[in-house]
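For reference, TrEMBL has these:
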SIGNAL    1-18  signal peptide
DOMAIN    144-236  domain 'Ig-like'
COMPBIAS  173-186  compositional bias 'Polar residues'
REGION    173-192  region 'Disordered'
DOMAIN    244-329  domain 'Ig-like'
Amino acid sequence: MIFLNTFFFFHLLFFAIGERSYSVSLPERLYALGGFCVVIPCSFDIPDFETKLNISKSINGLWIKGGKKFDNLPVVFNGTTNITKLFERIEITGNLHQRDCTTIFYNVNQSHADKYHFRTEMTNELYTFKESFCLIVEDSPLSPRVSEMSEVSEGTSVNLTCTAAAPCPSQSPTITWSPPTGNTHTHIQDEKDGNRSLVSFLTFTASHSHHGRKIYCTASYPRQNGSSVEANSTVQILRVLFSPVNVVASVSTSGPAAEGCSVTLTCSSSVANPPVQNYTWFRRGQHTPIGSGQTLTFNLSSSDEGQYYCRAEHPQGGKESAAVNLMITEDKRNFS
C-alpha cells in the first residue's frame with residue numbers, strides 16, 4: 001500500500017571536516033504510486049560552501065541508484081551533462097545555489113524501487129553524500145484517513161478531516177465525501193517527515209437526521225492517460241445525542257365513549273438518543289403532573305373534560321406533544 005503511515009525520520013548526516021561538516025537532509029523513505037511522480041525534499045550543506053561556489057561559479061546535482069559509489073552504480077540523473085537514465089524524467093526543482101536539492105522523479109514504476117544517493121559537483125568539489133532515501137513504489141494508493149468522530153450533541157458543529165497522500169503536485173488527488181454533507185475545503189499540507197498530503201475539511205451542524213449515518217471519503221488520483229485510481233477511507237458512523245423527536249399524544253378510542261368507560265392515553269416519540277427515560281402527563285391549565293409513564297389509563301367522568309399532553313424526557317432534554325382534546329357530554333365522550 002502506498003504512502004504507508006509508518007514513522008519517517010529525516011537523516012541529518014554529519015562528517016566532521018574542521019568546524020563545518022557535510023550534511024544532507026532526506027526522508028528515510030518515500031512511498032510512490034506507480035505511474036505518478038514523487039517529490040523528494042532535499043537540502044544539503046558543504047563546508048565553506050559559499051567560497052567554493054564563488055570559485056566554481058556553478059554547481060550541479062546527481063542522483064545515484066542503488067548505492068554510494070559513483071563509478072560502479074547507475075547515475076539516473078546527471079545535472080552536469082543533463083542526462084537522465086532509467087527514468088522518463090528527473091528534475092531538480094530546488095535551487096542548488098541555496099543548498100536546496102529538492103527533486104521530482106516522474107512516472108515511477110516498480111523497477112525504480114531502490115535507495116538513492118545525492119551527489120554535488122563543483123569545479124574543485126565532488127562529493128557523494130553517504131546516506132540515502134529509499135523509494136518504495138506501490139501499485140495502489142493507501143486508503144485516505146478520516147478523523148475519528150466522538151459522540152456529539154444535536155446543534156453543535158462537527159469537523160471531520162480526510163487526509164490523502166499527495167506526493168505528485170501535477171497529479172494531486174481530489175477528495176469527495178459520501179454522502180455529501182455540509183461544507184468542504186481542501187489544502188496541501190507538508191508533513192514533518194517530508195511527505196505531502198491533501199487534507200479535506202468537512203464542517204456541518206449535527207442533526208438527529210445524521211445519527212447512525214455512515215460517512216467516508218474517497219481519494220481519486222488522475223493518471224496521465226485520462227483514467228484514475230481511487231481509494232476509500234474506512235467508514236465512520238456518526239453518533240448524535242438528541243432530544244425526543246415527534247412526540248405525539250394519542251387516545252385509545254377513535255369515537256365517542258360512554259361515561260365510565262376506560263380510556264388510555266399513549267405518549268410516543270419516533271426517535272431519541274439516548275432513548276426516552278421518562279414520560280409525564282399534564283392537563284392544560286394545571287401546573288402539576290397528573291401521571292407518569294408512556295401510557296395513562298383512567299375511567300371517564302364528567303370532570304375529565306379538557307386538554308391533555310405529555311412530555312418525553314431524557315438527559316439531552318425533553319419535548320412536549322400537542323394536546324389531545326377530551327370532550328365530555330352527559331351520555332358520551334368525544335375525542336379529537
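Keep in mind that glycine also has a Cβ here, set from the backbone N, Cα and C atoms.
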**Request:** Within the domain 'Ig-like' (144-236) only, compute the mean pLDDT.
**Result:** 93
**Prompt:** How many helix, strand and coil residues does the region 'Disordered' (173-192) contain under DSSP?
**Reply:** 0 helix, 13 strand, 7 coil
